[in-house]
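Engineer: Reproduced below are the annotations present in Swiss-Prot:
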type     : residues : note
MOD_RES  : 2        : N-acetylserine
REGION   : 51-71    : region 'Disordered'
REGION   : 102-150  : region 'Interaction with PABPC1'
MOTIF    : 121-137  : motif 'Nuclear localization signal'
REGION   : 221-250  : region 'Disordered'
MOTIF    : 261-269  : motif 'Nuclear export signal'
REGION   : 270-291  : region 'Disordered'
COMPBIAS : 272-291  : compositional bias 'Acidic residues'
């Protein structure tokens, strides 16, 4: 796929996600081709159309800007707006966020125990799902209280702030005073994080199998540091993700990596390839192409 095709696909996915998958891929693609992948302008024009067509008092609560004339008069945009009616208390926030060009998203950690593969993905808050690149199974994110990786710590005793490898819920000794401190959060890997910013402290924690164990240690605990995991012949996955049970939505969940280490263009190309393979598998099972 060309770079132009990748950009088109990204804009289609963003437009569809703004309206929670209620705009078909075919319609979104046609609009993005017609208006140069301007998902922001088309999204706002759809919201404007909804407000104009709805006619309820509730529409007064929707702050819709007047779109460009060519979009305002476009029949395809008007048709999409009509298909999204009526405006309700339940979908008002969706339309307002689309007007503001917002897609609430979060960085989440995923882990496939079968492949011993760990990755991060930026996903929509409304549908936190990602596919393992190795086995292609879809997974829910690792529970927040079980995440692991580079953690952020704030010592309540000496007020020292530091970073180090850990799993949520497992204490590590403060580099300043030695007081056991629980991690505040796990930091996702990012391109914009300085790779040369290395800690001057060697990792050390109270886990029983830590390669640089701090005493007194806690029996039955396991160190999250990659060096300890490798030295002890343990898998990379500390806590696996639960398999995702599909609800039937077909909107791809890769929106924007936002600085995460994986490249968005490659991810979209992979997703497209996998979607094509899935369609072929369904056709083989059903004995012919789908309409």
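Backbone N, Cα and C atoms are what each Cβ position is placed from, and that goes for glycine too.
Not measured: the values here are computed from a predicted model.
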Engineer: Taking DSSP as the reference, which of helix, strand or coil describes the residue listed as 'N-acetylserine'?
Structural biologist: coil
Engineer: What mean pLDDT score does the motif 'Nuclear localization signal' (121-137) have in the model?
Structural biologist: 88
Engineer: DSSP on the region 'Disordered' (51-71): how many residues come out helix, how many strand, how many coil?
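Structural biologist: Tallied per class, the region 'Disordered' (51-71) gives 12 helix, 0 strand, 9 coil.
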Engineer: So if I draw a 10 Å sphere around the Cβ of residue 2 (N-acetylserine), how many other Cβ atoms end up inside it?
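Structural biologist: So the number of other Cβ atoms within 10 Å of residue 2 (N-acetylserine) is 7.
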Engineer: Could you tell me how many residues in the region 'Disordered' (221-250) are helical, how many are strand and how many are coil under DSSP?
Structural biologist: 6 helix, 1 strand, 23 coil
